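**Q** Below you'll find the structure I mean.
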Amino acid sequence: KVLSPAKKTSHSGNPWASVLLSWFLVQLVLFSGKLNTIASIVTIFFLLVYAAVDLACLALEWASAPNFRPTFRYFTWHTCALGIVGCAVMMFLINAIYASASIAFMLLLLLLIHYLSPTSSWGYISQALIFHQV
């Protein structure tokens with residue numbers, strides 16, 4: 001209900017209200033005057049997302065998923081692990097408090113997704129890892 005005005009579009013379907021609302025929210029953040037703080041938070045979340053992608057690639061590599069065929073010439077599970085460790089180190093070097101809070105926020109989101117999402121017929125990476133060990 002709060003974001004219902006953002007659904008307004010022009011006759012051609014352009015979401016002009018959403019664009020204006022987004023612009024206004026970005027301006028509020030920028031006018032706060034703490035651009036260095038904002039930059040470090042954005043960087044930490046970027047590194048967290050990159051580490052999550054590396055973790056997903058590592059899990060798929062260890063599970064020997066048949067549909068996972070990376071084309072990167074130097075791809076190994078070592079590069080995935082190095083990427084995860086490198087992202088984590090850089091996150092904590094930038095700001096340990098923000099890094100800890102972002103990891104806690106990510107874990108909270110993962111728990112919410114795990115418990116509130118509908119069941120999937122595609123299978124799970126944990127099932128693939130157990131199957132691979134057997």
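Cβ from N, Cα, C; glycine included.
Bear in mind that the values here come from a model prediction, so they are computed numbers and not experimental data.
Copied straight from TrEMBL:
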- 6-133: domain 'Amino acid permease/ SLC12A' (DOMAIN)
- 12-32: transmembrane segment (TRANSMEM)
- 38-60: transmembrane segment (TRANSMEM)
- 72-91: transmembrane segment (TRANSMEM)
- 97-116: transmembrane segment (TRANSMEM)
**Q** Please give the sequence-distant neighbours of the transmembrane segment (97-116): residues at least 6 beyond its ends with Cβ less than 8 Å from one of its Cβ atoms.
**A** 40-41, 44-45, 48, 52, 88, 91
**Q** Could you please provide the mean pLDDT value for the domain 'Amino acid permease/ SLC12A' (6-133)?
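**A** Within the domain 'Amino acid permease/ SLC12A' (6-133), the model's average pLDDT equals 86.
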